[in-house]
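Here's the structure we're looking at; comments come further down.
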Amino acid sequence: MSNDTALGRGGALCCVLATVAAIESCSTASAQPNSDTVLPAVTITEPTRQSLRSQPNRASRASAARRAMHQSTSRTPAVTPSATLSATATRTMNAEGAPGPLNLGVPNAAGSLVGLTPRETPATVNIITQRDMQEKGLRTMVETFNSVPGVMSGNLPGEPGVISMRGFSRAATGYAVDGVRAPDPLIVSRDFDTFSFERVEILKGPASVIQGVGALAGAVNLVTKQPKLGQAGAQGLLSYGSFNSLRTGIDINAPIGSNAAVRSTLSYGQSDGFINDTRSRKVGATTGGTLAPTDRLIFTGSASFFHDEFRTPYQGTPLIARSLARDPTNLVSAPGGLVIDRSIRNQNYNVENGLMTSDTVWLRGGAEYKLTDNWTLRNDLSFFKADRYWASSEDFTFNSVSGLLDRSTTKITHGHQIWSERAAASYDGIIGGFRNRFAAGLEYTDTNFDSSRRFGSTTPVDPFNPDRGYFPADAAANFPTRQDFTSGLKTFAAFAENAVNLTPDWLMLASVRHESMKLDRRIDDLNTGAVTHFDKRFDNLSWRVGTVYNVTSGTALFGQYNRAAIPVSGLLLSNLANGRFDLSTGSSIEGGIKSSLWDNRVVTTASVYQIEQNNILTRDPTTPALTVQGGSQRSRGVELDVAVSLTPQWRVNANASFIKAEFTELRSATLDLRGNRPINVPAQAFMVSTSYRFDPVPLTIGASVQHVGSFYTDTANTIEVSGRTLLDAWVAYDIGGGTLRLRGRNLTNAFYANWSGYSPTQVYLGAPRNFDLSYNIRF
């Protein structure tokens, strides 16, 4: 390490400590409770436990509830076509929106169209609040997703933050920001910094009825920090750690009178990475406003901007011959004597001027009018724009003849725009003696996507002493594939959902969504001059039925059956061959239990499920050269999530997932792949964490152990990546109205891989032992 680098890192660390000391010397002890303070137990009155056969019918009570909702916490995400949330539950939320362990009382847009809480939803819904992110040290979306049972996430070159959920990976997960869904989620996902987000909502299992076509495995909804009426405050973040990693953030909420508020966040992060020459930086900025001119009318608006930039980004570590390796490991089991060599773990084989950047803008506006005490109308308009750029060497393949790594080159640009208009009406009242929460609406989405794509190769490199060179010029001689294309996708959808309380303890839910999509594609081959144009129409009906029954006041059983659909490949990137295929369809059945016992000190969710997908692409068994629809895939699994407060100071959390995922019908040109496991799907995973708070100090210590089983990098299941067990520990100290945390990650310095690349002989290695010091403060 150079003296300048050492001084820079030491200076940044001193800056953190100096800031903490300055705040301690000049602040009072009257700050709000910090995120490590054990709050008093909260009592959540769920709608299913209210007097469900009688609904408040006075405008004054409805207005007061709505005013309390906005003064206590942020609104429900704009997509929710209903504001009929439990006012009692909303008032009990703390400033981070987290009413109790596992957040079973948080109304959300991921699980339903009528604002049901996870406890009321006949499906598994995980909610990770900003408070959870701070306590667990979840800095990025990948870390957040990986903390959830049944979910695995990584960073592919073109798909940062890609997800594998319940045995289905990549494009099988729906994606939304503030409830506004994105068609073709694989293109939109990024590994955002978590500071800008109030919470992350994850619905497990088919979610096409909520998110539309493409959400077979589940759906995620990223909720940015929303304005709060009547609350002036600010939050700050300063963090520095290993690999010269810096995170900063400021979050300000400002009320404007009693009926309006504005909230803005700004974050910046940078890191040198643990791989040589992999500098990166991230910028996030969000602004939102809420105006409630009357008790019945609310206007919302928000703008979000996210930028990321990766210089010579890490594209994975290749397998090389054991005979050539200087420090061979058994991390990966592969045919042909290929291994991962520990001695090259920090090597970067990308070109010297490799680059990956993205600029993303989300604009959203909404208006909600409470027509009567029971009826609410809502309209949401949103605009999304993203410009992305890749120019890198992405694949590194060991050449057994030369002993070198053959390298590919990829240059891709994206110009991506989405307009979305959604209008909905919702009802919460008594019909025929039963409480009904009903929503119905229409949605129109217009997507335009332009892309240039260049694929070629560059000079091979020595695995141990790479002369990386520079990215080649955009010419036919350097790129055998040079294409420009445009895609247009127009989607019209109609949706409806009804939640009926047949008794105070028994809820029935039915949802339906019909979508009509029109795809228009043009591909210009710059090398041959050929122009390809095709269009395709898709129609799909998704639906679900489910039920929740309260066995006791704290324990509920649930079950659901669900139908969904997914394209055989990304629609905006589909070629002429894939464009002729119909949608792949899927179904799911799930049952489970959600329980809060011992005065809410033991909270448990557990579920068993089966998901099936039909009509995936496979080779024709009689003519292997032909690709046809007819393949199928299935996953069966069990998930468990438990939060226990053994004492007011001692907390324990544990979660586990067990998945049997397999292709029930799939063939390659030469192999029958039936019974094989899909790539990047571990069969089991668990995490246990505990923390103890010493109130008089005030000091909190904690530790966690996470184990993830092995996974395959190819559908033939010939290349297997070993499982991993990671140990983290942290100490938190309250000082100056905030919390200072020192966290150690991967303390055993495990050598592991957490994802596979586009090439099955290339894996992404996890970071070695590392530390970070952070300070979170509220004003």
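Cβ coordinates come from backbone N, Cα and C, glycine included.
Remember, it's a predicted structure, so these values are computed and weren't measured experimentally.
Of the given residue ranges 564-581, 654-671, 762-779, TrEMBL assigns the label motif 'TonB C-terminal box' to 762-779. Counting residues of the domain 'TonB-dependent receptor plug' (118-219) by DSSP class, helix then strand then coil, yields 27 helix, 39 strand, 36 coil. Mapped onto DSSP helix, strand and coil, the motif 'TonB C-terminal box' (762-779) counts 0 helix, 13 strand, 5 coil.
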